[in-house]
């Protein structure tokens, strides 16, 4: 028997796969039920991860705003610039680390370090908000007759150091959270899909290569949809829940520089501790349940990797030798450009680049900028809140639309239809900015934004799955890391533009940048599709080759390496 292949047991009617985990001498048997259980653990872990992350980001924005007595957004803006700049600069490095580290080890590192950063930053918020109470308590004393002096004292050396610490720790936490999502979405899920098809074969059912690929694609589609539904649900529920609890401490009218929010800071810390425990346990259980996750992702035969990547034109002259790794350590400053070269040598790179361009679209998304503009145009807060909720629900509905579309169309076509649909919707939004009639303006803008959310999330899931199917195992982390870096780059660009375009009457400039991003996204994606139309229409052959390479990775046991 080939020692590099998993032990196959045909005695189980449902089918099973037996293998040894990397850190255990016991044989792990994977069945359909076990794999489904592992997937549900993945959902639970992702739910706690996203809920704690969204709650933390929302509350931190409130804490920073409260520190200025809700009179300035400078701290919120600076925090956004710092955090996304960190993701841009360190995203590819995190991806490289993912490719070179045991899966369970890297997951535990991300979970623990991220939560340590969040807890430390939360404690800093507590100290910062508590400190300002002392200033406010002493306002009526004889020592502080000049209120301007009190205001200036808010930004003393200690406060500035605390704010710097909060910015840096928050940025590091976001980088680690991004790395964890890359590891799970671009690596763990793909390996689990390989095990799903292997279970089908081990049950005695003969599968052709096309049928095997279809099983894997179906498993990926179901999982990606559920993951996105969790993402979107947490983006709706987490801020609402956090806002409810924060209102119990401060209704937004307090001028105590956030003193009343000290308890809320402690509550956020407690939520993250709970999330840490759940994520840590679920991740370990998933790892030990699924045999394919045990092999280190970076330990793949050089010949297999080079064959898989060169045949698809994905990596040029990649050297995984120890000498090359040693040389690379001496030129870390060039790693980002090396990683960019790897990223843009992928056949699917322009699809990922198109997705990153959509991060320029901040103005036409019912975000804070658009909300401010609508208020300036005379739209009531009640109407804005109502339609913002509708837009969020439409985005969640996009996940169901994707599930229906992918059953009748290829992934490439789903991506093309969704990005064009989003472009058409946002065209109506952009045109509305130049309409004087308030009713026509509001109808075009709101309907366009709401429907565009469907196209956005269908496109997002399509590109995610295309990259899961196309990217070879040895560079999954690098490519995923670069993707996050590009997403962050365009987010930083739009944040920077916001610093110079603060007057609502110039909102159309902001909207023009956002609209241009969507136009370019549709252009680059269409260019990729039509330039490779013959390959994409050849029974999805381009999608099958990386899966074959992934299989060789998932079938290697620790003993074989």
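Cβ coordinates are placed from backbone N, Cα and C, and glycine is handled just like the others.
Just so you know, TrEMBL annotations are computer predictions that nobody has curated.
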Among ranges 110-134, 135-159, 160-184, whichever one TrEMBL labels transmembrane segment: 160-184
Transmembrane segment according to TrEMBL, located in which of 232-249, 286-303, 304-321: 232-249
Transmembrane segment range according to TrEMBL, out of 41-62, 195-216, 261-282: 261-282
Residues of the parent chain within Cβ reach of the transmembrane segment (232-249), under 8 Å, 6 or more residues beyond its termini: 47, 50-51, 53-55, 58-59, 62, 260-264, 267-268, 389, 392-393, 395-396, 399, 457
Paired segments the transmembrane segment (480-501) and the transmembrane segment (385-402) in contact, 3+ CB pairs under 8 A: no
Whether the transmembrane segment (440-459) meets the transmembrane segment (73-94): three or more C-beta pairs under 8 angstroms: no
